[in-house]
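So that you can see what the record holds, here are the features copied from Swiss-Prot:
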type: ACT_SITE; residues: His705; note: active site, proton donor
type: BINDING; residues: Arg17, Glu18, Leu19, Lys20, Lys118, Arg525, Cys526, Trp571, Glu615; note: 5-methyltetrahydropteroyltri-L-glutamate binding site
type: BINDING; residues: Ile441, Gly442, Ser443, Glu494, Asp609; note: L-methionine binding site
type: BINDING; residues: Ile441, Gly442, Ser443, Glu494, Asp609; note: L-homocysteine binding site
type: BINDING; residues: His651, Cys653, Glu675, Cys737; note: Zn(2+) binding site
Amino acid sequence: MPVLSHILGFPRIGLYRELKHALEQYWEKKITENKLLDIGRMLRMRHWKQQINSGINLIPIGDFSWYDHVLDMSIMLNNIPTRFHILSQKKNTLNMLFSIARGDSINNTTITPSEMKKWFNTNYHYIVPEFVQNQIFKLNCTQLLAEIDEALSLNHPIKPVLLGPLTYLWIGKTKETKEFDRLSLLPSLLLVYKEIFNILSKKNIQWIQIDEPALVLELPQTWLKAYLHAYDQLYQTKIKLLLTTYFGKIYHQLPIIKQLKVNGLHIDLTNCSDNDISLLHEQLPKKWILSAGIINGKNIWKTNLYDWFLKLNTITHQRSLWIGSSCSLLHSPIDLNIESKLNNNIKNWFAFAIQKCSEIKLLCDALNSNHNDNSDQQNILKKYYNTNIQRLNSNIINNPQVQERCKNIITLDHSRKTKHITRMKLQHNRFNLPLYPTTTIGSFPQTSEIRKLRLKFKNKQINEDYYYTHIQQYIKKIIQEQEKLDLDILVHGEPERNDMVEYFGENLKGFVSSQHGWIQSYGSRCIKPPIIIGDISRPIPITIPWINYAQSLTNKPVKGILTGPITIMTWSFAREDIPRHMIALQLALAIRDEVMDLEKSGIGVIQIDEPALREGLPLKKSEQSYYLKWAINTFKITVSSVKDNTQIHTHMCYSEFNEIIDDILKLDVDVISIESSRSDLQLLQFIKTAGKKLNEIGPGIYDIHSIHQPSINEIMDKLKKLLQYIPKDRLWINPDCGLKTRSWNEIRESLNNMVIAAKTLRINNGLNN
């Protein structure tokens with residue numbers, strides 16, 4: 001049987017982010033719903049044809065999404081959060097989907113959006129399903145069936161994609177005060193899946209890809225037993241199931257997996273050994289398809305196809321084999337061929353989504369032709385990777401000075417020498433901070449004019465003087481706005497930054513940036529990760545001129561905002577030829593240099609953002625302690641040499657911090673702000689446990705991603721809850737994230753209400769403002 005090619009999913013956003021632009025135009029009522037639907041159909045058809053032209057035998061259907069594939073699954077199961085039922089008579093399915101994701105209002109009553117959470121260990125965000133006890137699911141698969149009919153018109157084999165029932169339950173949350181077992185909902189859920197399977201079998205669908213990435217985790221035994229029960233129930237002879245796992249190894253689950261009633265297994269093999277492949281081949285039922293996920297869907301480096309040919313060649317004679325991407329190519333940019341500004345030698349090291357499809361075909365061709373003793377295809381594979389082998393000795397990637405500096409610093413103790421209680425007194429005296437200090441996270445609204453200005457400067461259409469003058473004008477406006485609001489710690493607003501990671505990537509050696517390497521983060525939000533190609537250093541100061549200019553405009557402290565080493569690494573396409581902890585160490589030394597220069601220039605408040613610290617945590621608990629040890633040490637390297645009266649802040653995304661409270665405490669930052677406003681109950685649990693242990697904390701007091709403007713009373717209610725667990729001299733008041741995606745009108749009202757709430761609290765404590 002020939003080796004078949006497939007992928008688990010394809011990017012949705014379009015080559016030039018057409019989906020992003022269409023969504024935002026629709027939300028702003030600039031295009032009609034029909035126009036939006038037309039753009040969606042156009043993108044799907046284009047993407048399917050791109051896959052077919054690249055040699056993919058089975059194209060995935062159902063991987064397209066208007067906002068998020070997990071939310072799509074909730075809609076398909078008619079799992080609409082109770083608070084949105086009031087909209088059911090006024091909203092069609094598409095608009096209900098947007099309301100759940102973004103929030104809404106009716107009769108002047110705010111309906112809060114569902115929580116947004118990171119998709120396993122990626123920078124993609126999904127909308128968290130919400131469950132209530134005794135919930136009944138009902139099928140609503142109109143969108144999926146429409147897409148299947150569109151795809152069938154191409155007369156090419158297709159493979160519908162569904163999120164599996166156990167993973168769907170695992171990643172969701174109960175919405176009732178009293179916890180209940182989510183597995184109690186499985187019987188109702190399985191009835192809907194059976195209904196979907198029956199409908200698809202009538203359309204003569206042969207294969208369904210059913211995604212169960214939760215299997216890479218170390219699951220409780222009750223959940224593993226539920227897998228056996230679920231796939232017994234779902235088994236039918238009319239349709240075949242490819243059980244799909246990704247984002248890690250699943251060997252610890254093989255005793256359960258090999259008992260499941262499925263027809264094939266897809267495994268992420270990007271971090272496997274030869275022994276792993278042999279183990280899989282030996283243990284899995286011989287009648288199963290083994291789908292080898294050998295093309296890394298989360299990174300942009302070429303694959304050593306010849307090496308994989310040698311590993312897989314013997315298996316092709318013994319079992320049915322498919323070759324695919326490790327995970328969905330959702331996490332990869334679309335097409336390397338439209339990158340016109342990358343150095344050709346460097347560009348030749350990379351593969352984006354379309355090129356990854358071609359890689360899969362190349363390997364399949366070689367494995368299939370090998371049956372005829374044809375060595376031509378093998379030679380093609382060898383030549384394909386030659387440039388990446390030569391890269392390892394290139395001066396572009398190797399910097400002996402950086403490597404030597406890393407050796408010298410790695411064994412030192414990087415703890416701050418003075419306890420926080422002493423530092424806090426020095427810092428509050430230096431800045432004359434009131435009780436409940438107010439601040440923001442860093443960025444302020446980025447208008448189209450700012451973006452155009454940056455683009456013109458990047459394309460050398462304006463000179464440096466013109467650019468600097470106009471950026472300074474924006475900074476001046478941002479400082480003035482904050483002073484009008486009477487915030488306590490100001491920021492310069494980051495008008496010079498396109499993205500918190502890409503900006504530093506553009507200013508550090510060891511990085512390159514693409515023009516069109518966009519990937520989806522959530523909804524219409526796209527990011528363009530920089531690419532780490534070599535050893536990292538900071539040739540000149542990066543932020544000093546902007547921060548110092550901002551500080552010259554005000555007597556209030558201005559925070560220097562830097563992105564931390566773990567986040568820069570995690571949100572970049574990282575090199576794969578050295579360990580991740582070494583990449584992070586190089587970044588820490590570069591950021592440390594920037595921290596010290598900020599302090600020398602007179603900046604006394606410095607924020608090192610690490611929203612990705614928790615995201616980088618390995619999915620398996622048994623592997624987490626090693627990561628946390630080096631990740632915490634990496635952060636400490638960036639700040640260990642600052643003076644006691646320099647206040648160090650960090651900003652993080654809340655995500656199950658309860659599991660790593662002790663490690664968060666080891667950071668020993670002076671102030672931690674947390675993006676958490678959509679997770680109020682979980683945040684309160686964290687605060688209950690850690691509130692009195694943490695130094696100072698600024699829980700995100702409102703959700704900047706929602707269109708809802710918080711009232712003074714809403715903010716006051718939240719603050720009163722928080723003050724039950726946080727000492728009043730340790731509570732800071734701030735939004736939950738940067739403000740760059742909001743408009744000035746939106747943020748003025750929200751920040752004004754936030755400041756009034758802080759002042760009211762001070763008055764209630766018998767203090768002056």
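Placed from the backbone N, Cα and C atoms, the Cβ positions cover glycine too.
For the binding-site residues listed here (Glu494, Asp609, Glu615, Glu675), the lowest count of other CB atoms within 10 A around the CB belongs to Glu615.
Note: the CA-CA distance between Glu675 (Zn(2+) binding site) and Ile441 (L-methionine binding site) rounds to 10 Å. Its Cβ placed at the centre, His705 (active site, proton donor) has 21 other Cβ atoms within 10 Å.
Within the set of binding-site residues (Arg17, His651), the lowest number of other Cβ atoms found within 10 Å of a Cβ is recorded at Arg17. On the backbone, the CA of Glu615 (5-methyltetrahydropteroyltri-L-glutamate binding site) and the CA of Ile441 (L-methionine binding site) stand 19 Å apart. Minimal Cβ crowding within 10 Å, among the binding-site residues Ile441, Cys526, Cys653, is found at Cys526. Cys653 (Zn(2+) binding site) sits 26 Å from Arg17 (5-methyltetrahydropteroyltri-L-glutamate binding site), taking the CA atoms of both as reference points. Listed in sequence order, the residues Thr440, Val491, Met500, Ile561, Gln607, His651, Gly738, Lys740 complete the 8 Å Cβ shell around the L-methionine site centroid, once Ile441, Gly442, Ser443, Glu494, Asp609 themselves are left out. Candidates Cys526, His651, Cys737 (binding-site residues) were compared with Ile441 (L-methionine binding site); those inside 10 Å Cα-Cα are His651, Cys737. Taking a C-beta cut-off of under 8 Å and a sequence gap of six or more, Gly442 (L-methionine binding site) has these contacts in its own chain: Val491, Gly493, Glu494, Met500, Lys559, Ile561, Gln607, Asp609, His651, Gly738. Among the recorded positions Ser443, His705, Cys737, the residue whose Cα lies closest in space to that of Arg17 (5-methyltetrahydropteroyltri-L-glutamate binding site) is His705.
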